[in-house]
There are 2 protein chains.
Amino acid sequence: MSVTAPRGFRAAGVAAGIKGGEHRDVAVVVNDGPARSAAAVFTTNRVKAAPVLWSRQVVAGGRVRAVVLNSGGANACTGAPGFQDAHATAERLADALQDSAGEIVVCSTGLIGERLPMPELLAGVDAAAAEAARDGGLNAADAIRTTDTVSKIAFRRGEGFTIGGMAKGAGMLAPSLATMLSVVTTDAVLTSEQCDTLLRAATALTFDRVDADGCTSTNDTVLLMASGASGVAPDEAEFSRLLTEVCQDLCRQLLADAEGASKTIEIEVVGAASTADALTVGRSIARNALFKCAIYGEDPNWGRVLAAVGTTDAAFEPDQLNVAVNGVWICRGGAVGDDRSKVNLKPREVTVTVDLSAGPEAATVWTTDLTVEYVHENSAYST
Amino acid sequence: MSVTAPRGFRAAGVAAGIKGGEHRDVAVVVNDGPARSAAAVFTTNRVKAAPVLWSRQVVAGGRVRAVVLNSGGANACTGAPGFQDAHATAERLADALQDSAGEIVVCSTGLIGERLPMPELLAGVDAAAAEAARDGGLNAADAIRTTDTVSKIAFRRGEGFTIGGMAKGAGMLAPSLATMLSVVTTDAVLTSEQCDTLLRAATALTFDRVDADGCTSTNDTVLLMASGASGVAPDEAEFSRLLTEVCQDLCRQLLADAEGASKTIEIEVVGAASTADALTVGRSIARNALFKCAIYGEDPNWGRVLAAVGTTDAAFEPDQLNVAVNGVWICRGGAVGDDRSKVNLKPREVTVTVDLSAGPEAATVWTTDLTVEYVHENSAYST
């Protein structure tokens, strides 16, 4: 299912030899229409990979025929030659589809600072274009994995339309997406303006609130393609809700498979003066190394939560802060609260609730713990 | 030597039973004058420990007779009773010295969220006051250790005056000081206004530029006390230079002993449009978990450096960034530079140089790598 669950889409994932061995490393997702409305959000990192520089020009036109994705190399920090490689990749898929390269999005993921092996990649584009089929969604999701241990896919059905999605990303998850690639498809009838508005609203509540390790990558892309093949113009509120669910579903899968993580941590900030305050506080906690180590050690160390809150400029009084871990209010009024021995931190899912006692607003941010395995995996990645 | 190297100071470190066993855990540093000029800088964390709340009132008066420090408990997030404990501690030392509690600074370090064992602490204050002597500097430096494996002391001699210092802190080192306590003494003749100006200038270039794990603590304090016992009013430029050297020396010792670190990393940012830009970029790199893991793995992964630079708002063009690791320019013009195999990352001292190609300004920030041992130590600290 995945990206080929909605009508009008074909996909494939092939082994082109970029990663070496038999691993799939090139994917295509082709929109056969009748419409080709599209929108995308990209990394906020100012050091943007060549495929991001290419693809944001494409998406600015509001029409996308297909996307080609490769793992095994990020094509980031590769200068003008790297941009030419991204362009050539788009041209190759355009040739195979007898279409315009100006409507081909390119995504890459893998190591930064190395040129892609272009002969292998271009041969892979040909093979993927030839294989692209209605049942190719799972192979495409497989081909974009890097250190992901499993493929991430999701879909939802609405009144007469379907939304499907795939994603990859296991480290460098941070606000503004970070080493995360995702393609979401729908057969609903939407304009590119609708795609843009709906995608931004959905990612603001989902991908933008995931922060595994505070690192923002050079390649993040979330692409929404609408084929119109269902003939159904959806109710916008329903579509928005289901699109957000698909994005949320993919985010949960990313967190569950985050590099070396042993806990998925939901940080709810309530009682905030504004949503912005709630997000600032949530992200500060999500990025606090000592707090993340404590959760790894199954230690409900609320002092580290308060220390993280205290570094923000959000509205609060230190002696009115309350903190619950998995429902036990172990900090009340900025000091010791209920018995911390009542907190059960054995399950993988951990919820930390911070009450700022400063207003009616709330927001939730998701992160993972900081583990020995994370350090192992990320100290050995490129060697 | 340490804080008792300058004339006019006595110190002691005793085992009061706060940490349990035979470990020293209460220290005093007493200024016998003739002058008692002083200044201090404190954590910027808005969640401030009780002793910080107490001591900044004391220091606002510009006169400090003595400081009492304890390890084994931070007295942070302890509410009004915790503040009363800090006050009572100051009163006890004031009684012993037959002086005013309003001129007694209090510092605490250890776990957040627990009340101090006051009977043990107050008995320790009595013992330390009774033992305080000209040769007590080393015992005092020993008594303030938490997870520090060694004492940190430094001193410099100027034209007719001396500066001595001690510090503790092994985690939560971040801009704005973070779980760091330091007492610096001098027998120079200085006003409290001079103390304040000189101390702020020195810490801005040293303690404020150390960022081990991005975490800012609730207790950080750097206190400067001037006895005037030398009778020498120093040349301000000379004093400033030597005070900065003492602070720098203490910072290097803190980094060398940072929890679980295997590398001390000096991040030089050059070619910046402003000092603020250089510091922003340096701190972003210092806080990037993936970069810190790479250095632990002895992997000169310049792509992660660029990804960290790209998250800042500093002036630069991505294709004009240059990065050297230990002197080898492995990234030039935002892309691959010299052969990365020429980089030797075996020594503990690592220098990363980032050239923003945007102006004449520069700044240096210090950090450590992110290691398996760091995660181990910080996941088990309170249990």
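Each residue, glycine too, has its Cβ placed from N, Cα and C.
Note that the structure is predicted; figures quoted are calculated from it, not measured.
Among the features that TrEMBL reports, active site, nucleophile is placed at A:Thr179.
The feature substrate binding site is assigned by TrEMBL to A:Thr146, A:Lys168, A:Thr179, A:Glu259, A:Asn378, A:Thr383. In three-state terms derived from DSSP, A:Lys168 (substrate binding site) belongs to an extended strand segment.
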If we take A:Thr146, A:Lys168, A:Glu259, A:Asn378 as the binding-site residues, which have a Cβ under 8 Å from chain B?
A:Asn378
Including all protein chains displayed, how many Cβ atoms other than that of A:Thr146 (substrate binding site) lie within 10 Å of its Cβ?
21
The number of other Cβ atoms within 10 Å of the Cβ of A:Glu259 (substrate binding site), counted over all protein chains shown, is 26
Using a Cβ-Cβ cut-off under 8 angstroms and a sequence gap of six or more, which residues of the chain neighbour A:Lys168 (substrate binding site)?
A:Ser71, A:Thr109, A:Ala141, A:Ile144, A:Arg145, A:Thr146, A:Asp148, A:Lys152, A:Met180, A:Leu181, A:Ser182
